[in-house]
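Below is one structure; the comments refer to it alone.
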Amino acid sequence: MASSNLIKQLQERGLVAQVTDEEALAERLAQGPIALYCGFDPTADSLHLGHLVPLLCLKRFQQAGHKPVALVGGATGLIGDPSFKAAERKLNTEETVQEWVDKIRKQVAPFLDFDCGENSAIAANNYDWFGNMNVLTFLRDIGKHFSVNQMINKEAVKQRLNREDQGISFTEFSYNLLQGYDFACLNKQYGVVLQIGGSDQWGNITSGIDLTRRLHQNQVFGLTVPLITKADGTKFGKTEGGAVWLDPKKTSPYKFYQFWINTADADVYRFLKFFTFMSIEEINALEEEDKNSGKAPRAQYVLAEQVTRLVHGEDGLQAAKRITECLFSGSLSALSEADFEQLAQDGVPMVEMEKGADLMQALVDSELQPSRGQARKTIASNAITINGEKQSDPEYFFKEEDRLFGRFTLLRRGKKNYCLICWK
């Protein structure tokens, strides 16, 4: 991605919601590499899909020769950002936040190159400058530059002030000052001149721009990426089970891959622009090919492959594809013990059972059948498989060889209804 027209290229991909002084920023980028940053607050023990677009934007800038700073908010995570939140966040302990900081720093690291010369990425933590700051310094050196009149008129805060059931605490109201000071600090330490973030961060970003100008007399810029929406109006990045996380222990690579496979045709080509590094020409060619093929579109598989590889690496992608193929074909011989652990985590419904159970009881306990009577009929009708093998004996008791790796048995009713037994 060439640096001189980087903003235009991001706009072509639909990746720019708002930008401050676009012309001046384009000029600054044309002069040579800049340092830029994006902040990630540790509000949970993992990043989720909502963080992926700004994180990949940092990567896009680095690929164009710029220096990314990934800021993990060890201090701001203790306070909580009120922007567009309906209610006050629960405050977490310092120990919890520190634990989450470490996890998020490790999650961010694989997306950026920390050893590539001049534009090597930097990992920063705002606890480094806020941890020992006293309240008088905060109020005198930072607070005096902020107008409360302007702060209460910011859209992100106004919504909370206008709610009768939920006001805003001074703690959360102060968040804007903390994030603003982050920008000024990073400008002084690393020469950072651009902050990127989600569109909900616009108010915090512009505060940082104003504060940096007042404290250091430097012109800096802000760019927000859009809130990702789905064509049908439902929320992006959520499943029935909740958020889709980047941590494989919270959302398995298989489940992650399946999330992208299930992308609607109306969204898939847009998402390829947001979440992959394919060129616009490649994406348009794929769309044209899908339109004219007369078959099921290929785009969902391309999207799932590209994003799963980005987040979980080649091994994670291959495991996800292997599990998908085995569930489709019914042959489980290629699955490893780790693959079954992914299925047990969130891949298919799971039930724990004591050894000595019979098949009818397993079908009832797994909710594949409502009663033993119904289970008997279903088994007799040849509609049940155990580890991919048909079983038509209603009196069947599980054998040791049915317990793969001594732990797992996969039941299937019909073509698509699965349950994994984890033996105690």
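Heads up, the Cβ atoms here are built off N, Cα and C, so glycines get one too.
TYR37 (L-tyrosine binding site) carries a strand DSSP state (E or B). Feature annotation from Swiss-Prot assigns L-tyrosine binding site to TYR37, TYR175, GLN179; the stated evidence is sequence analysis.
Among the features that Swiss-Prot reports, motif ''HIGH' region' is placed at 42-51. Non-local neighbours of the motif ''HIGH' region' (42-51) in the same chain are 72-74, 77, 80, 89, 97, 99-101, 103-104, 107-108, 198, 228, 236-237, 243-247, 250; each lies 6+ residues outside the stretch with a CB under 8 Å from one of its CB atoms.
Swiss-Prot lists LYS144 with the feature N6-acetyllysine. Around LYS144 (N6-acetyllysine), no same-chain residue at least 6 positions away in sequence has a Cβ under 8 Å from its Cβ.
Residues 48-50, 228-229, 255, 259 of the same chain, all 6+ positions outside the motif ''KMSKS' region' (235-239), place their C-beta atoms under 8 angstroms from a C-beta of that stretch. The motif ''KMSKS' region' feature in Swiss-Prot is assigned to 235-239.
Look at Swiss-Prot and you will find LYS238 tagged as ATP binding site. In sequence order, VAL244 make up the list of same-chain residues 6 or more apart from LYS238 (ATP binding site) whose Cβ falls under 8 Å from its Cβ.
According to Swiss-Prot, the domain 'S4 RNA-binding' annotation covers 357-414. Shown for the domain 'S4 RNA-binding' (357-414): DSSP residue counts in helix, strand and coil, namely 19 helix, 14 strand, 25 coil.
Binding of L-tyrosine is attributed in the record to TYR37, TYR175, GLN179, and the widest Cα separation among these residues amounts to 18 Å.
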